[in-house]
Amino acid sequence: NTKCKNAASENRDMCRKAGSDGESIGNCPFSQRLFMILWLKGVMFNVTTVDLKRKPADLHNLAPGTHPPFLTFEGEVKTDVNKIEEFLEETLCPPKYPRLAAKHRESNTAGNDIFAKFSAYIKNTKPERHTCSITF
């Protein structure tokens, strides 16, 4: 794989939403997913929790108009969670790092679709609007 790099000594920083106290790690499933990918690949990385009510100016300047999670790698900021996952899989690849991507790309799409619809369902406060229309 020509895109694969020896990324052992590179700096990886992941910014994620802070918990209700403004400091602890929050409950964002997208952040948790990226955290698990980095952890399962066995790479060293720094986590910065961001209190969205008091977002530091340097982080605002780093990724204007976005909310965590985002990843910085070699000075480049990545803000789209799906693109970050693809980037990590392409950059942190065998033989040094395990491959975690699904064999069939369609399974990711199906999983994302189910997650999006389920999230909308549980966030909906109007029971009359509860519809379940997940198709495979």
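Residue numbers in this text run from 1 along the chain shown.
Including glycine, each Cβ sits where the backbone N, Cα and C put it.
These numbers come from a predicted model, not from an experiment.
Per TrEMBL, region 'Disordered' is recorded for 1-23.
Positions annotated as compositional bias 'Basic and acidic residues' by TrEMBL: 10-20.
Within the model, the domain 'CLIC N-terminal' (16-95) carries an average pLDDT of 81. The annotation domain 'CLIC N-terminal' is assigned in TrEMBL to 16-95.
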For the domain 'CLIC N-terminal' (16-95), the number of residues DSSP places in helix, strand and coil:
33 helix, 16 strand, 31 coil
